[in-house]
Every structure is written in structure tokens, then in C-alpha cells.
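The block underneath contains the structure these notes are about, expressed in C-alpha cells.
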Amino acid sequence: MQLRREIFDKARRVVVKVGSAILTNVGGIHTSFIADLAREISYLRQSGHEVILVSSGAVAAGRKKISWQDSAPLGMKEKQALAAIGQSHLMRTYEEAFGFYELDVAQILLTHADLSHRDRYLNIRNTILTLLKFGVTPIINENDTVSVEELKFGDNDTLAALLTNLLEADICICLTDVDALYDKNPQKDPTARPLHIVTKISPEIEAMAGNSNSLFGTGGMQSKIRAAKIVFSGGGTAIIGPGRAPRVLQRLFAGEDIGTIFLPCKERMKSKKQWIAHVLKPKGTLLLDAGACKALLQGGKSLLPSGIVGISGEFDRGDSVNCCRLDGSRIAVGLVNYASVDVNAIKGLQSREIASVLKCCDNEEVIHRDNLVILS
């Protein structure tokens with residue numbers, strides 16, 4: 001309890017994420033939950049903490065608003081339309097709840113493309129920090145009305161984690177309908193025990209979250225583990241908290257042993273490398289020989305064309321690509337200095353041969369080490 005209390009006492013900026021499962025009920029938006037959430041965030045604000053809220057619920061709210069009865073899986077156009085209906089209803093509920101405590105809120109809707117462009121990524125940071133300076137609580141959601149499947153964040157757990165790193169927040173709290181991370185499936189095994197502290201996200205910890213077909217499903221426990229890894233790389237603390245527990249945020253900040261806390265790593269990844277590793281979606285893959293893998297993993301070197309034995313995918317200069325061993329295992333991700341057609345032409349060659357093949361040589365490296373993130 002003492003360790004938890006110390007972590008929360010030091011926290012200045014906090015990201016809180018709430019999902020559809022606890023935001024909605026059979027009657028639509030769970031207004032009493034939002035009222036309680038506003039009260040708790042007001043308490044944190046009064047205690048000197050800055051709070052950013054990441055809120056799901058637009059599609060679910062829209063579905064309830066127009067009494068959508070079709071039980072079939074929603075298509076993209078239905079999701080987008082329901083999000084458009086539900087988002088305004090959701091924000092109105094937040095405005096009323098926070099207004100009771102004389103707090104202002106601001107809506108921010110993001111797509112993955114907003115974070116993929118470095119300038120827009122930094123502009124989002126500046127906007128949110130300015131809102132906090134104004135004393136306004138940002139309420140952020142994925143813009144489901146315009147997002148397409150291949151450019152989605154995947155879930156708001158990921159969005160919350162990315163924002164935690166972007167804003168250099170100290171803590172990311174994911175409030176969920178599950179009490180904590182368990183060592184076994186608690187709905188199937190009565191001996192399952194909650195893990196209250198995780199010091200390292202090992203393969204064993206990831207296995208405890210199940211797979212995408214488990215009871216947790218997409219946006220469930222597995223996505224929260226992925227989010228915790230992102231927060232971990234940025235030097236922050238991640239929390240999985242029981243969203244339906246009374247006064248959950250106040251109890252967490254009091255150091256109470258509820259939920260699961262993922263302790264931060266000691267070394268924070270640089271901001272640009274966090275962006276490369278977690279925000280950008282790789283457009284292709286480079287297969288590397290053993291020598292190149294060793295140079296990257298042990299020598300901290302840049303990737304030269306001589307170590308590349310194969311490529312896949314189509315990409316342009318400046319795009320993100322995976323760097324893999326010959327067996328396909330990924331060791332790094334980075335920004336390429338050459339388009340795929342040029343990399344294919346110079347793979348296996350010495351850097352001094354680039355100019356004779358491409359008729360120019362802007363860079364000796366295919367990926368400079370400053371734009372390379374080692375993953376294993």
C-alpha cells in the first residue's frame with residue numbers, strides 16, 4: 001500500500017479511460033456512473049492533479065438513442081452513423097455532470113492519422129496542455145464517424161496509452177468491468193487470484209490476458225496489457241481498475257490495494273522513438289542477415305543496405321517498416337531513408353555502391369539509428 005501511495009502522491013498528470021461496458025446500461029448512457037466519475041475527477045482536480053479523460057461510448061449511446069434493435073454485427077457505415085448520433089448525447093451528459101462541480105469540459109475527437117503525422121501529433125499535445133492550463137478537462141474519443149478500419153487505433157485503451165506518453169502523464173488508469181488482471185480466468189476457475197502488482201510484462205503475464213477470442217474480447221484485458229506496455233515504455237504507471245467499485249479513483253489515490261498496477265520502467269524511451277514504436281503502422285518489412293541483426297541489437301548501429309536480404313510491402317521514404325530476422329521474428333522498427341523500389345535495388349550492396357545504382361546517394365544508411373527502435 002505504501003508503494004502505491006507514493007506513486008499516486010507524486011503523480012501530477014493522469015489519464016483516465018472509461019469503456020462502453022461501464023458507461024452504458026440497458027437504458028442508454030449510465031448517467032449515475034458519469035455523475036460519480038465527475039465527482040471523482042473534481043476531487044482529483046482539487047487535490048492538485050491534472051486529469052485527461054478518454055471516453056468510449058458514442059456508438060453504444062447512439063444505438064440506445066434511436067432504439068436500434070438489430071442484433072447483427074454492425075457494419076462500418078452503421079457504426080459511423082451511430083457514433084455521430086451518440087457522441088453529442090454523450091458530451092451533453094458529461095457537460096451536465098461536470099457543470100454540477102463548476103468544471104468545464106472540451107471534446108477532442110481523434111483518428112490514427114492525426115497522431116501519425118508528427119506535426120499534428122505535436123499540435124494535439126499543445127492543444128491538450130493548453131486546455132489543462134485553462135483548467136478545462138479534455139474528454140477524448142476516437143472519431144468513429146470518420147475512422148476507417150485499417151486506420152483505427154483498435155481500441156481506446158491504446159489511445160489512452162498513446163496520449164499518456166504524448167502528454168508525459170504519470171499514470172494511465174483504465175477503468176473496466178473486470179476487477180483486476182487474474183492469473184487464471186476467474187469465470188471458469190474458482191482458484192483464480194488477482195495480481196495487484198506487476199513489475200514486468202512477461203510472456204506469462206500476456207498469456208494471463210487470454211486471446212482475442214476469450215471472454216475479454218477486443219478492447220478487453222488483452223488490449224489493456226498492450227496499453228500497459230506502451231505506457232511502460234514511456235516511463236509511466238498503468239493501472240487496471242474496477243470501474244464499478246464505489247469511489248474507485250479516490251481509493252486508488254489513497255493507496256488502496258485494488259485493481260492491478262504495472263510499475264514503470266526506469267528508463268523512459270525518447271518521445272520520437274515512442275512515436276515510431278507505438279503510433280506509426282509499418283508499411284513493409286526488411287529481412288536482415290545475422291550480421292545486421294547483431295549490429296542493431298548489440299552494436300547500436302544504423303541499418304546498412306549490405307545486411308538486407310529481402311523486403312516485402314510497398315513504402316515510401318520516411319515510412320515505418322519492420323526489421324526482422326530470417327525466421328520472421330521482429331527485432332526493430334524504423335523510418336526508412338529510401339522507398340521500397342530503391343531498397344530492393346540496393347539490398348545486399350555496400351553503401352559506397354548506392355550512388356552507382358540509384359544515380360544518387362542521399363544517405364549511406366537505409367535506417368539511421370536515431371530513427372530506429374529496438375524491440376528485442
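Placed from the backbone N, Cα and C atoms, the Cβ positions cover glycine too.
These features come from Swiss-Prot:
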BINDING   K17, T176, D177, T218, G219, G220, M221, Q222, S223, K224  ATP binding site
BINDING   S56, D144, N156  substrate binding site
DOMAIN    283-359  domain 'PUA'
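Locations of recorded Swiss-Prot features on the structure.
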residue	record	contacts (Cβ under 8 Å, 6+ apart)
K17	ATP binding site	L53, V54, S55, S56, N156, D157, L159, A160, C172, I173, C174, L175
D144	substrate binding site	A58, V59, K79, Q80, A83, Q87
D177	ATP binding site	G19, A21, I22, G243, R244
S223	ATP binding site	G154, D155, D157, T158
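Summarising the environment of M221 (ATP binding site), the number of other Cβ atoms within 10 Å of its Cβ, over all protein chains shown, is 24. Cβ atoms within 8 Å of the centroid of the Cβ atoms of S56, D144, N156 (the substrate site) belong to the same-chain residues G19, S20, S55, G57, A58, V59, N141, E142, D155, L159, site residues excluded. Of all Cβ atoms in the shown protein chains, 24 besides its own fall within 10 Å of the Cβ of N156 (substrate binding site). Shown for the domain 'PUA' (283-359): DSSP residue counts in helix, strand and coil, namely 26 helix, 23 strand, 28 coil. In this view, S56 (substrate binding site) is surrounded by 25 other Cβ atoms within 10 Å of its Cβ, with every protein chain counted. The secondary structure of S56 (substrate binding site), as reduced to three states from DSSP, is coil rather than helix or strand. Residues S56, D144, N156 are listed as the substrate binders, and the farthest two of them sit 11 Å apart at their Cα atoms. For the domain 'PUA' (283-359), the predicted model reports an average pLDDT of 96.
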